[in-house]
Amino acid sequence: MMPRLLFRAWPRCPSLVLGAPSRPLSAVSGPDDYLQHSIVPTMHYQDSLPRLPIPKLEDTMKRYLNAQKPLLDDSQFRRTEALCKNFETGVGKELHAHLLAQDKQNKHTSYISGPWFDMYLTARDSIVLNFNPFMAFNPDPKSEYNDQLTRATNLTVSAVRFLKTLQAGLLEPEVFHLNPSKSDTDAFKRLIRFVPPSLSWYGAYLVNAYPLDMSQYFRLFNSTRIPRPNRDELFTDTKARHLLVLRKGHFYVFDVLDQDGNIVNPLEIQAHLKYILSDSSPVPEFPVAYLTSENRDVWAELRQKLIFDGNEETLKKVDSAVFCLCLDDFPMKDLIHLSHTMLHGDGTNRWFDKSFNLIVAEDGTAAVHFEHSWGDGVAVLRFFNEVFRDSTQTPAITPQSQPAATNSSASVETLSFNLSGALKAGITAAKEKFDTTVKTLSIDSIQFQRGGKEFLKKKQLSPDAVAQLAFQMAFLRQYGQTVATYESCSTAAFKHGRTETIRPASIFTKRCSEAFVRDPSKHSVGELQHMMAECSKYHGQLTKEAAMGQGFDRHLYALRYLATARGLNLPELYLDPAYQQMNHNILSTSTLNSPAVSLGGFAPVVPDGFGIAYAVHDDWIGCNVSSYSGRNAREFLHCVQKCLEDIFDALEGKAIKT
């Protein structure tokens with residue numbers, strides 16, 4: 001049996017906040033072109049990864065109904081139950097059989113991979129706020145290294161070293177170790193590298209090590225989402241050697257790899273970035289970057305206008321760049337300012353379509369903002385961790401380093417766009433939409449300092465289950481109801497796995513929340529503790545099922561996708577208001593833990609929802625929440641704080657304060 005993996009990914013537009021490392025990071029090499037020199041090739045396990053299972057239809061129906069119970073009244077539930085029975089014995093049975101047959105014919109991938117790419121790429125909403133999340137780096141532990149030029153140079157060099165290490169197959173394979181004393185050793189690595197790739201996964205399995213899918217990694221670099229009518233496309237050009245830099249809405253490119261594929265001298269990179277930082281040009285009257293925040297069909301049409309007006313070569317340089325480095329010209333005021341800056345900014349200094357934007361503010365605060373269609377949080381977090389560690393432990397330059405004496409004006413190309421009247425009007429319209437939308441977004445955060453993972457584990461409770469219970473209690477306290485809740489879980493243990501949904505709202509969390517919020521005096525502390533234990537046990541079961549590909553959301557989505565692809569009328573199950581309500585995720589939650597991350601976040605996935613990024617640390621709990629004007633994030637966090645206080649009081653044997 002495979003392990004209970006607790007890797008979280010991002011929801012439709014996922015999240016994160018600081019926590020403990022999910023895996024030991026691999027050994028670091030010296031300051032050369034490579035981060036690591038793994039003796040096991042990076043993709044050694046990829047061919048032998050197990051395939052993502054398709055759940056039994058009857059199991060999916062049971063799990064779906066269990067998730068609906070806390071959201072529906074008796075009459076609504078009976079209707080949904082009847083629709084499920086009809087679906088299971090009728091059209092659902094036929095679709096499931098077709099899905100199984102299709103899966104057998106496509107053993108190179110997973111049943112969800114194609115539909116999931118389509119889900120992202122056919123979405124016409126702006127990718128800003130609706131999809132793209134961010135994660136912010138912790139400051140460099142050595143304060144003098146947080147100078148903007150120093151940090152931008154070191155992060156850039158480390159990112160390119162990651163690229164080189166990945167391309168050379170020298171990056172340690174991503175492996176989840178249940179018994180690292182046996183599997184995460186030089187002796188095991190020397191042995192497993194001689195096992196053929198077609199069998200290597202089984203060799204790791206024998207020592208309780210579980211390699212994870214790494215198919216998304218090749219889209220990290222040189223990649224851009226290109227807007228097209230109806231369906232966007234992902235573009236990658238692995239031959240490109242240049243970096244794209246944005247500052248004050250201006251575009252610059254220069255090579256970070258030479259003609260032989262070696263990393264350009266870090267002092268030259270430092271010189272080029274210093275040259276860009278010294279450019280005193282004002283923000284353009286019509287910043288082209290706003291276009292990447294538009295509706296995708298609108299942007300596709302405007303992009304064609306850009307090409308028609310002679311900007312094709314300029315766009316190619318933008319699209320093929322190794323990545324986009326954004327140099328902001330202001331410091332961070334506080335965590336709220338940081339979240340707004342890294343999640344959306346002012347729209348002038350991000351190319352939202354790039355696989356990722358590496359953002360460095362004037363005070364050295366840095367973050368990764370990434371486009372979501374190409375990959376999930378697991379791949380980005382690995383890159384994030386390695387770059388943070390490399391840039392802080394083996395920095396390419398020091399604060400005392402002198403930039404190379406090179407002619408940056410010849411090496412750095414400033415890109416310019418020819419803009420017709422129609423394009424200028426398009427940029428103006430995009431700016432107005434962008435400004436209007438981001439003004440409606442509120443973000444706030446709390447740090448609950450009374451305890452965290454260590455205390456909860458002593459009480460034999462799942463830390464994640466307790467955090468999710470607090471969100472259920474808080475929403476009940478604020479709005480008096482239980483609503484559809486989404487927690488993302490990675491299925492990277494399988495070939496081309498993406499994510500599965502954990503549904504944290506259950507009959508157990510509803511009962512427990514009502515006891516705490518509505519009538520705590522009617523229950524003894526022992527009864528409250530027992531209810532929390534039930535919640536924890538059930539949440540653990542849901543988490544295990546999701547990580548093993550045994551949720552219900554992706555299966556039902558794939559069946560719906562197949563029905564549409566076959567030209568069938570949408571089965572009645574999908575027209576049920578209960579189904580639509582469940583997929584209107586008012587509470588969208590995600591957690592990714594890393595010692596490199598200071599904060600992360602994402603916007604709500606529905607207008608009346610919350611985007612909840614959180615982490616349970618050893619001795620505190622962090623939560624970063626976003627909302628639009630229809631909800632109140634600050635008030636919600638006050639309720640979360642109160643609910644966590646109540647939970648900890650009950651666990652300590654104290655009466656709940658009303």
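From the backbone N, Cα and C atoms, a Cβ is placed for every residue, glycine too.
Of the given residue ranges 179-208, 239-268, 629-658, Swiss-Prot assigns the label intramembrane segment to 179-208. Cβ environment of K85 (N6-succinyllysine): M61 lie under 8 Å away, each six or more residues apart in the same chain. Of all Cβ atoms in the shown protein chains, 23 besides its own fall within 10 Å of the Cβ of L456 (CoA binding site). Counted within 10 Å of its Cβ, the other Cβ atoms near K239 (N6-acetyllysine) come to 8, all protein chains included. Counting residues 6+ beyond its ends, the intramembrane segment (179-208) has Cβ neighbours under 8 Å at 3, 24, 38-41, 43-50 in the same chain. In this structure, Q460 is the one among the binding-site residues Q460, S488, T499 with the smallest number of other Cβ atoms inside 10 Å of its Cβ. For the pair Y486 ((R)-carnitine binding site) and K439 (N6-succinyllysine), the Cα-Cα distance reads 25 Å. Site extent for (R)-carnitine: the farthest pair of Cα atoms among Y486, S488, T499 sits 12 Å apart. Distance noted between the C-alpha atoms of S462 (CoA binding site) and K544 (N6-acetyllysine) is 12 Å. A simple way to gauge crowding: the CB of K439 (N6-succinyllysine) has 9 other CB atoms within 10 angstroms, across all the protein chains here.
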